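Participant: Please find one structure pasted underneath; my questions will follow.
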Amino acid sequence: MTTSTLQKAIDLVTKATEEDKAKNYEEALRLYQHAVEYFLHAIKYEAHSDKAKESIRAKCMQYLDRAEKLKDYLRNKEKHGKKPVKENQSEGKGSDSDSEGDNPEKKKLQEQLMGAVVMEKPNIRWNDVAGLEGAKEALKEAVILPIKFPHLFTGKRTPWRGILLFGPPGTGKSYLAKAVATEANNSTFFSVSSSDLMSKWLGESEKLVKNLFELARQHKPSIIFIDEVDSLCGSRNENESEAARRIKTEFLVQMQGVGNNNDGTLVLGATNIPWVLDSAIRRRFEKRIYIPLPEEAARAQMFRLHLGSTPHNLTDANIHELARKTEGYSGADISIIVRDSLMQPVRKVQSATHFKKVCGPSRTNPSVMIDDLLTPCSPGDPGAIEMTWMDVPGDKLLEPVVCMSDMLRSLATTRPTVNADDLLKVKKFSEDFGQES
């Protein structure tokens, strides 16, 4: 924002006052709240003298007080048929007697958060996750066992309530969370990001955090998965905004605060930069599991998983050679290599100048073999017909299978995305605070 922030706040308050006098209370409330945000920004970045700051702060309190009265009035309008609220008169104690379930604001926030509930299971099983056996066992211990054998977790033996998955990008942290959502059949799975919990309205973000945890407690057993948790819970410092500080405080209170019973609720966080997490947040993640770059055996399994049922002629020796050549690559990097190699046959079809007739399965009925399919070939090949892919009928193309040379070509053009410096930082964090997976 520029130096016109204070003027913008004054303009908004002027409009809010006009709407207030015209008894358009909903619009007035919105404008008051918006104006307060601009005033707060002006206090922080534009007002240089203490006297100016104090003057703006006093005005802020006045408009906030009016906004609260309007909010209470609107909340109780339908139920109690209240008369328009006077500027210097409070609403009385009608709102105190409201039950939580009848609170329309709370209901609206909870409906907004219900969009974070994963209703359809992702269909990713533990077997689909290559390697990471330690992380899988820890998640089974925290999620699956308490649901299946609740009698095991009584007395002092309680399941973990906070698990942090950290490691370089592309190592499978979010993929593991999808596997948890699939395998935890009876759990409600909330998948939230910073955008689900951030609001431009003053005070609404922390209410969203509080309501998220209340929803999770209502639907337990439940799992709250927060991807890129560092964007919400970074270290507290004097340069951060007041809103960010309040969100962090609410997270701390809800995860392990007085009066909050989180039995049956697991908070699962994932981050690539764990060293920026606030120390109090880090403590609340009782298990901190390092998700490293995949080892050779896991990389070989990844190549097999990503190739799937696509036609190829790679042998086990080829797969192990590829695994050896991809030291330092993440699971996401390997996925990109395989996807690119699967496109190589398509590129051969596009660039081919000659095709030849071959025998292969029919497109309409794979059990029937036909001998008039066309596949790309070199110009010197016996039976080569000069034509381009545009001349090939749609149901007569037999694409080449993926071969080792396709894989090596894709590998040569794909570099690992994990930076050596970041890897050292993650390993240092793991040595200080983590646990090997």
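Placed from the backbone N, Cα and C atoms, the Cβ positions cover glycine too.
According to Swiss-Prot:
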DOMAIN    2-80  domain 'MIT'
MOD_RES   Lys8  N6-acetyllysine
COILED    15-37  coiled coil
REGION    75-106  region 'Disordered'
COMPBIAS  84-96  compositional bias 'Basic and acidic residues'
MOD_RES   Ser95  phosphoserine
MOD_RES   Ser97  phosphoserine
BINDING   Gly167, Pro168, Pro169, Gly170, Thr171, Gly172, Lys173, Ser174  ATP binding site
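Could you place the listed features in the three-dimensional structure?
Facilitator: Under DSSP, Lys8 (N6-acetyllysine) is assigned to a helix (H, G or I) in the three-state scheme.
Less than 8 angstroms from the CB of Pro168 (ATP binding site) sit Asn272, Pro292, Leu293, Ser330, Val418, Asp422, Leu423, Val426, each of them six or more residues away in the same chain. DSSP classifies Pro168 (ATP binding site) as coil under the three-state reduction.
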Participant: What counts of helix, strand and coil residues does DSSP assign across the domain 'MIT' (2-80)?
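Facilitator: DSSP classes over the domain 'MIT' (2-80) add up to 69 helix, 0 strand, 10 coil.
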Participant: Measuring Cα to Cα, tell me the gap between Thr171 (ATP binding site) and Lys8 (N6-acetyllysine) in whole angstrom.
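Facilitator: Given the Cα positions, Thr171 (ATP binding site) is 46 Å from Lys8 (N6-acetyllysine).
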Participant: Return only the integer: C-alpha distance in Å from Gly172 (ATP binding site) to Lys8 (N6-acetyllysine).
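Facilitator: With distance taken Cα to Cα, Lys8 (N6-acetyllysine) is 46 Å from Gly172 (ATP binding site).
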Participant: Among the binding-site residues listed here, Gly167, Pro169, Gly170, Gly172, whose Cβ has the fewest other Cβ atoms inside 10 Å?
Facilitator: Pro169
Participant: Neighbourhood of the ATP site (Gly167, Pro168, Pro169, Gly170, Thr171, Gly172, Lys173, Ser174): other residues with Cβ within 8 Å of the Cβ centroid, in order?
Facilitator: Ala270, Asn272, Ile291, Ser330, Gly331, Ala332
Participant: Would you find the one among the recorded positions Lys8, Lys173 whose Cβ has the most company, meaning other Cβ atoms within 10 Å?
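Facilitator: Of the recorded positions Lys8, Lys173, the highest Cβ count within 10 Å belongs to Lys173.
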